[in-house]
Structures are given as C-alpha cells and as structure tokens.
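Some features that TrEMBL has for this protein:
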| type | residues | note |
| --- | --- | --- |
| DOMAIN | 455-568 | domain 'STAS' |
| TRANSMEM | 24-42 | transmembrane segment |
| TRANSMEM | 48-73 | transmembrane segment |
| TRANSMEM | 80-99 | transmembrane segment |
| TRANSMEM | 105-124 | transmembrane segment |
| TRANSMEM | 131-154 | transmembrane segment |
| TRANSMEM | 174-197 | transmembrane segment |
| TRANSMEM | 218-237 | transmembrane segment |
| TRANSMEM | 268-287 | transmembrane segment |
| TRANSMEM | 307-330 | transmembrane segment |
| TRANSMEM | 342-361 | transmembrane segment |
| TRANSMEM | 366-384 | transmembrane segment |
| TRANSMEM | 404-428 | transmembrane segment |
Amino acid sequence: MHINPRLQPPGGEELLAWLRHYRLAWLGGDLVAGVVTAIMIIPQSMAYAMLAGLPVQIGLYASLLPLIGYALFGTSMSMSVGPVAVTALMTAALLAPLASIGSEHYLQLAIWLALLSGVMLFVLGLLRMGFLANFLSHPVISGFISGASILIMFSQLPHLFGLASLPSSPAQLLAAWTPVNSLVLGMGLVALAWLLYARSRLAGHLQRFGIGASAARLLARLAPILVVLLGLLLTIVGDLGARGVPVVGSLPAGLPSLVWSSPDLSTLQALLLPAALISLVSFVESVSIAQSLARRKRQSIDPDRELLALGTANVGSALTGGFAVCGGFSRSGVNVEAGANTPLAGVVSALVIGLILLTIAPLFAWLPLVVLAVVILVAVVPLIDTAALRRAWRYDRREGLTLAGTAAGVLVLGIEGGIVLGVGLSIVTQLWRGSRPHVAIVGRVPGTHYFRNTQRHLVETEPQLLAIRIDENIFFANTKAIERSILQALRDYPDTRELLLILSAVNHIDSTGLDMLLELSLGLNERDIQIHLAEVKGPVMDQLEQTDWIREQVAEIFPSTHIAFNTLSGFKRPLSEADAEHTPKTA
C-alpha cells in the first residue's frame, strides 16, 4: 500500500528515540522526578479543574493519559503536560455560552472540546504545520496571558473571601462584599502569605541552612503540598465544613472509565472555533516552554512532532473524561529541578497519580476550596508580565501597544475577542511598518568598494548617476511610499540620467509593486532617464524574468553596486582583480 509521505508522522524514524537510547543511569532521576512532580501536580490539577468549572477530580483524570501520550511523540525531555491555568480559563470562557457551568452537558462539552482540539493538533502535526507557532507574536502571547491571568485572579477572589457566588466582574465582586466569611478569609490569607514567601524567599533561607541550591528550589516549588496537607488536617480535626468553610465535597475513588461518545453536528459546529483557539494557544505556549527547557540543556525540539504529542495528549485526556491540556511551566520546572532526564518521568507521574486515585483520593473531599483558590492565585501572579510591557514600550512603542491592547482586549472583550484583537494589532503594526520603507540614496566610501547612505556617511557620488537602495520588500502597502521617495530623490538630483535601484534587501515584489515599477519606468523614459538594477536576489530575479518590464524597461542588471558604479559613472574605472574578489554575487 502506498502512503503519502506528506501524511507520515514527521521524523517518524525518531519516535520514542529517548526510549531506544535510554541509559540505566537516567532511571533514578526519572523515578524521583516522576514522584515529586506528581505530588505537585495533584493540588494544581484539582485547582485548575475548579477554575475550568469542572469537578476537581477531572483535573486528576486529565493528568493520566496526557503524560503517557506526550511521551510517545514529544521531543522535549523534561516538559510536563497537563491542566494549566490559561487553558482552564479558556475552557470555562469558551463553554459558558453553550452550557451551564457544573451541568452534565457542560462536562460533556469540555470532554468534546479536548477531543476536538487533540484531533486538530494531531492533523496539523501530520501536515507539518509547526510553523503556526510563529503566527502569534511575543507581545500578543504575553498580553493574552497577562490579561487571562487577571481574569483568573478575579475569578478566584470569591473563594478567597468565602462568597457563595462567582461575580463575573470586579464591580459585581465589590457589590457582593458583605457576606465575607472571616474564617475562610483568614485561612486564605495565611496560605497566600506562606506561598508568596515560599516563592520569593524560602529557597534562599533554606540555602543558609546548608541545603543545596537545586534542592532548595525544589522544596520551595513543593510548598503548595504543605498548604494542602494542613488544609485537610484543619478541616477534618476542626470540622470546618460544618462551620461554613466550603470544601471539595465527595470525590469518587478509582480510575476513570474510558469515555467515548460523539457530539451531534450542531454541537460540533459550535465547538470548532473554541477548539481552534484553544489549540493555537496551547500549542504556542507549549512550544515556548519546550524551547526554553531545551535551551537549558542544549537540546532541540521539533514543533511538528510537538503538535502530534499535544494532539495525542488531548485525545488521551478526553478518553479519560478530562479537559484540554498543554505544557505547564511550573510543573515542568519542578520536573527539571527534581532531575528528569526523559519523558519517562511523566509516565511515572501518571502512574503515581493513578495510584493515588485508587487509594486515598476520597480524602481530598475535605480539602477547603480556598486552598485551591490560593494555589491558583499564586500560580498566575508571575504570569502578569509587567516587565515585558516595560521592555516592549522602551524598545518599540507599537510593540508595547500591541501587548497592552491584547491584555485589555481579553479583559474587556473576553478570550476570543482578546486573541482576535491581538492578532489584528500585530497585522496592522506589520503593515504600518511595511508601508514606511527605508529608502536610501547611497554613494561610494572613498577608496573602497563599499556603499553607504549619503545622509550618514561621507561618500562619493556621480552627478548623472543616482543610486537608491530599497530596504524593504516591495508590496501593495508601500508602493506609493517607495515611488514618492524615488521621485523626490530625482527632484533633488535634477542632473540624473542613470537611476540605479539596489535591491539587496528586497526578497519579494508583488504585482502591485511590479505595476509601480512599470509606471515609474515609463515616466523616466519620457525624461530620458534609464533605469538599472543591482544586487537582485535569485528568487526575485526568477520572478522578474517572467515579466515584460525586465526585458523592455530595464537597461542593465548588475551583480553588485560596485560594478554598476564603475560601469555607469563618468570615468568608468576598470574592475581590478581585488575588486572582483570582493564583488558579491546574485543570491
């Protein structure tokens, strides 16, 4: 049977390469990392399930098969996949218009959303579309995550204050301030203070007691476990549930049963856009984390195979009744600090979580919801990246506006509107930049074969020769600006008889650009001015050779500006052997 090679898994011969080349020396690190990361994942995944509007055990279910599925295809040796804050919030925001949060239909929609997202990601991986990670710029991603993190924080404040309802805006939250439960608030503030201390200073203090830096950082990352254990102990001993402290409630024991059901056509259509959005965001976030981790160990990742891995992980989550998952920075950080060497650590984490589900999971029924809310709050605070906004604003205010606009869009318009606004701002910014191309008149640096901008350097020029370098692709958004610049230069140099266009920075000329060049050439012919080209790149030349303009309107095409100057200038200095050696070729 013939298989289309374009539809074969990318790098198929390298699937599970980490297992085929596994070293026994790595086993200890993977086992320890798997156990430690599982301990950290338990409260975090439960918290993110609550954030997604789902029963807390769904977070545990979403931490089983995804870890194993990612190990089959993933190229990151230490990234941990599972529920994360952003995808949890997106799940709630995207599904809330379709079903009541907490209903059986809502749970089914969350499962179908994960399944559809997984299928999309896997198909994109087969089509080798890993380049999609480049379509969301860093300002858009940073702004989206910052805005989403603020939404997440507001969504958890009612749990921190012991409020019965979940206000959807800061104004509604203030209006519901009166029934604050002081016991819940006290527990939440103590837990919050401890976790903030653990995040900022605990590692340094532990090092003062002789604990190694890596071990100290790992212990600090595991601080939420202490909060969970103390919360359970206080609730059970003090019977806090009877005193008005909201708790998780009944939690089923045992592993989830495999879920497989098909949505009807109308539901599938309603989920297509949410699945596409959550797929794109989860892929970009996961690839960013995987690349960051790979750089630490001088490794590399394959975005196409990451698509396959994330697709498999999300399908696995859906099969066990979970929701959409992706790579998580905090859980991956714990994985690295604990000594993970390969994806086997993730498999071990899945087995540990499965064992906990089979044994002690019902104990978490007494866990106060305020503890999970605090875990979420502390996890998302660092995601509000004000430093990125300051850097972007100082470097390029348009980038800063894109970042701030995306964050504001998420807060005002919601998840979908924020992403669309961010992408739109990026496109507008790029078009704005492209529409203002840099066009320079150049001359020869005396005694050399180098050519520089006449406004920045002391250079030699020829009265009848005007050399203009276009430093941008020529396309519909900038053709008028380029034409105006050339015509203005001709007015400034009225003795011009030879116009040399240097295209060393031009990678593409679209049809609008070609029409502009044709009209410009016709106008120059009437003024007895010849047009020449220099340093045209190979792909651009291939396109131009198919046109009448290059054959009928362009006098000469030179491989370098140096040769063009020698040929077109009044004294026509001959090209020496040394000059020839330094003459750039058309690429």
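The backbone N, Cα and C atoms fix where each Cβ goes, and this holds for glycine too.
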Open item on the list: Contact between the transmembrane segment (24-42) and the transmembrane segment (342-361) is defined here as three or more C-beta pairs under 8 Å separated by at least 6 residues; is that satisfied?
Closed with: yes
Open item on the list: With contact taken as 3 or more Cβ pairs under 8 angstroms (pairs 6 or more apart in sequence), are the transmembrane segment (366-384) and the transmembrane segment (105-124) in contact?
Closed with: no
- [ ] Residue list, the transmembrane segment (24-42) vs rest of chain: Cβ under 8 Å, 6 or more residues beyond ends.
- [x] 60, 63, 80, 82, 218, 221-222, 224-225, 228, 330-331, 334-336, 338-342, 344-353, 356
Task: Long-range Cβ neighbours of the transmembrane segment (80-99) (under 8 Å; 6 or more residues past either end) - done: 37, 41, 44-45, 48-49, 51-54, 59, 62-63, 66-67, 69-70, 74, 105-106, 109-110, 113, 144-145, 148-149, 151-152, 155, 267, 270-271, 274, 277-278, 281-282, 285-286, 309-310, 313, 322-328, 331-332, 334-335, 345-346, 349, 376, 379-380, 383, 414-416
Open item on the list: Ranking 131-154, 268-287, 307-330, 404-428 by the number of C-beta pairs under 8 Å to the transmembrane segment (105-124), which range is first?
Closed with: 307-330
Task: For the transmembrane segment (404-428), sequence-distant contacts whose Cβ falls under 8 Å of one of its Cβ atoms, 6 or more beyond its ends - done: 89-90, 93-94, 135-137, 139-140, 142-144, 146-148, 150-151, 273-274, 277, 280-281, 389
Open item on the list: Can you break down the domain 'STAS' (455-568) into helix, strand and coil residue counts using DSSP?
Closed with: 50 helix, 25 strand, 39 coil
Task: Local confidence of the domain 'STAS' (455-568) - pLDDT mean - done: 94
